[in-house]
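Have a look at the structure below, then the notes.
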Amino acid sequence: MAGGLVVVANEGEQYHGKLTCFVILACMMAAMGGVIFGYDIGISGGVTSMEPFLKKFFHDVYTKMKEDKEVSNYCKFDSQLLTSFTSSLYVAGLFATFAASSVTRAFGRKPSILLGGANFLAGAALGGAASNIYMLIFGRVLLGVGVGFANQAVPLYLSEMAPSKYRGGINNSFQLSVGIGVLIANLINYGTEKVKGGWGWRVSLAMAAVPASILTVGAFFLPETPNSLIQRTNDHEKVKRTLQRVRGTDDVKAELDDLIIASAISKTIKHPFKNILQNKYRPQLVMSIAIPFFQQVTGINVIAFYAPILFRTIGLGESAALLSAVVTGAVGIATTAMSMLIVDKVGRRGLLIFGGVQMFVTQMIVGGLMGAKLGDHGGLSKAWAFVILVLICIYVAGFGLSWGPLGWLIPSEIFPLEIRSAGQSITVAVNFLFTFLVGQTFLAMLCHFKFGIFFFFGVWVAIMTAFVYLFLPETKNLPIEKMERVWREHWFWKRIVGENKNEVTIKQEEA
């Protein structure tokens with residue numbers, strides 16, 4: 001007969017456990033999904049500045065760069081076909097992430113990571129062997145499917161595997177891996193640009209198969225997260241054994257009880273994309289859209305995709321532009337590593353606000369200097385080019401501390417289990433949509449806005465910093481299955497989701 005079970009949540013009880021080697025190794029392997037994402041970002045920006053690549057696939061851009069002396073510095077690379085090469089990946093990723101949501105919810109985080117690696121591997125092979133623009137773009141689409149699956153599953157995997165007091169640092173390893181991928185790609189681009197015969201770009205594109213192979217093979221050996229296991233099975237003993245293994249302790253009762261509650265609620269939800277529209281999930285829905293949107297309009301992908309092109313715009317040679325991109329990539333890794341170490345102590349809000357101020361100030365100065373010193377023709381002096389490079393490094397440092405890692409961390413930790421896959425898919429889809437829009441329009445915007453492009457992104461950074469200050473509560477050190485508490489206690493969101501509740505009522509069938 002039907003009955004009602006009232007479950008009192010463990011509001012004040014802390015989970016037991018420690019950061020085990022088992023969790024560290026599993027998360028290191030899963031974070032390889034960030035390496036494939038970062039590698040693609042770095043490679044696509046580098047090969048689009050290589051003259052043999054442009055000559056083969058984008059001859060109009062090559063001609064404009066080499067022969068047309070009347071074209072403005074800001075317009076040399078303005079080509080919708082060229083930007084389609086970069087941004088086609090994100091259109092494919094946008095659609096793939098919704099398919100990944102169903103896979104992640106029904107079959108677990110591990111299969112999505114496996115599918116991500118396999119698709120990326122196929123795309124890398126096709127890109128390296130491309131003989132025409134159609135092969136090139138189709139290879140990008142396969143890469144996009146791979147990144148769509150990996151970016152949907154990996155941040156969830158990291159947040160669910162990590163103990164709550166280390167969750168920020170472990171999840172930030174995803175962005176650290178993205179930065180490592182960008183740096184490796186920039187180093188490879190710097191080396192392959194010097195290859196005689198003009199086929200170095202093929203090496204750059206094909207080498208994406210290395211991290212993709214590691215992720216694909218490694219995914220077979222990854223354990224599933226306790227959260228995913230309990231969502232897909234009623235075998236509480238199996239979940240308990242998994243929890244004991246990942247937490248390194250036998251005392252996992254408090255965490256297991258909360259997982260059982262979360263799972264029972266989750267199993268009452270048949271249509272998570274419909275349910276996420278309810279008022280009680282409104283804060284999470286807003287954040288799943290706002291945070292990835294803001295992450296993209298920081299302007300960081302302008303630097304990541306087009307750093308070599310941007311540095312060529314201010315007058316650096318091909319090798320110098322690629323080397324400068326290596327420098328900015330190294331800065332991004334160093335500051336993301338710093339963020340990993342301090343995010344669970346300082347908190348999410350403080351880092352986002354500090355990083356926002358740092359990015360805003362440097363963007364305003366870069367825009368002002370380029371407006372004053374770089375005309376439509378010629379270039380900057382070496383001294384001023386160096387100053388611009390230093391300022392861009394400071395900007396990248398601000399992003400690496402804040403919106404880079406936290407743009408992935410916060411969405412992955414705020415969703416309750418019943419809408420977690422749907423919420424993460426919305427986050428990734430919004431991220432890819434605006435990555436596509438920024439990537440597709442940037443070179444045209446650079447041509448028309450000129451130095452004003454930095455002021456444009458700077459205004460958005462100011463807006464997002466104010467948004468964080470007003471509307472984002474602190475989430476550090478709170479268990480992931482108790483996260484709804486922060487919205488019920490927030491000055492604004494409690495008006496929408498309701499006041500504090502300490503009991504969760506679950507309908508269940510009794511024999």
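A Cβ is built for glycine as well, from the same backbone N, Cα and C atoms used for every other residue.
Long-range Cβ contacts of the transmembrane segment (19-39) within its own chain (Cβ-Cβ under 8 Å, at least 6 residues beyond either end) map to 113, 116-117, 120, 146-147, 150-151, 153-154, 157-158, 161-163, 166, 170, 173-185, 207-208, 211-212, 214-215, 218-219, 221-223, 245-248. The transmembrane segment annotation in TrEMBL covers 19-39 (among others).
Per TrEMBL, the feature domain 'Major facilitator superfamily (MFS) profile' maps to 26-476.
Summarising the annotation, TrEMBL assigns transmembrane segment to 81-100 (among others). Residues 40, 44-45, 48, 54, 57-58, 60-61, 112, 115-116, 119, 133, 136-137, 140-149, 151-153, 305, 425, 428-429, 432-433, 435-436, 439-444 of the same chain lie 6+ residues outside the transmembrane segment (81-100) yet bring a C-beta within less than 8 angstroms of a C-beta in it.
Per TrEMBL, transmembrane segment is recorded for 112-131 (among others). Here the transmembrane segment (112-131) has Cβ contacts under 8 Å with residues 30, 32-33, 36, 57, 96, 100, 103-104, 138-154, 157, 202-203, 205-209, 212-220, 222 of the same chain, all six or more residues outside its ends.
Remote same-chain residues near the transmembrane segment (137-158) are listed as 27, 30-31, 33-34, 36-37, 40, 84-85, 88-97, 99-101, 103-104, 109-110, 112-113, 115-127, 130, 170-171, 173-174, 205, 208, 212, 215, 222, 225, 408-409, 411-412, 420-421, 424-425, 428, 431-432 (criterion: CB distance under 8 Å, separation of at least six residues from the stretch ends). As annotated by TrEMBL, transmembrane segment applies to 137-158 (among others).
With a cut-off of 8 Å between Cβ atoms, the residues of this chain six or more beyond the transmembrane segment (170-188) that come close are 19, 23, 27-28, 31-43, 46, 154-155, 158-159, 161-162, 203-204, 207, 211, 304, 322, 325-326, 329-330, 332-333, 336-337, 339-340, 343, 400, 404-409, 412-413. Marked as transmembrane segment by TrEMBL: 170-188 (among others).
Summarising the annotation, TrEMBL assigns transmembrane segment to 200-222 (among others).
The transmembrane segment annotation in TrEMBL covers 285-309 (among others).
What TrEMBL records for 321-343 (among others) is transmembrane segment. Long-range neighbours of the transmembrane segment (321-343) within the same chain, counting only residues 6 or more positions beyond its ends whose Cβ lies under 8 Å from a Cβ of the stretch, are 42, 45-46, 49, 168-169, 172-173, 175-176, 179-180, 182-183, 185-187, 189-190, 193, 303, 307-309, 311-312, 351, 389, 392-393, 396-402, 404-406, 409, 476.
As annotated by TrEMBL, transmembrane segment applies to 350-372 (among others).
The transmembrane segment annotation in TrEMBL covers 384-410 (among others).
What TrEMBL records for 422-445 (among others) is transmembrane segment. Sequence-distant neighbours of the transmembrane segment (422-445) (same chain, 6+ residues past either end, Cβ-Cβ under 8 Å): 77-80, 82-84, 86-87, 90-91, 93-94, 97-98, 100-101, 104-105, 144, 148, 151-152, 155-156, 272-273, 275-276, 281, 284-285, 288-289, 291-293, 295-297, 299, 301-302, 305-306, 309, 407, 411-412, 414-415, 453, 456.
Proximity of distant same-chain residues to the transmembrane segment (451-472), defined by a Cβ-Cβ separation under 8 Å and at least 6 residues beyond the stretch ends, is recorded for 286-287, 290, 294, 297-299, 302, 348-349, 352-353, 356-357, 359-360, 363-364, 366-368, 370-371, 374, 403, 410, 442, 445, 490, 492-493. The transmembrane segment annotation in TrEMBL covers 451-472 (among others).
Residues 298-299, 314, 339, 342-343, 384, 387-388, 391-392, 394-395, 397-399, 401-403, 406, 450-455, 457-458, 461-462, 464-465, 468-469, 472 of the same chain sit 6 or more residues outside the transmembrane segment (350-372) yet have a Cβ under 8 Å from a Cβ within it. The average pLDDT for the domain 'Major facilitator superfamily (MFS) profile' (26-476) in the predicted structure is 85.
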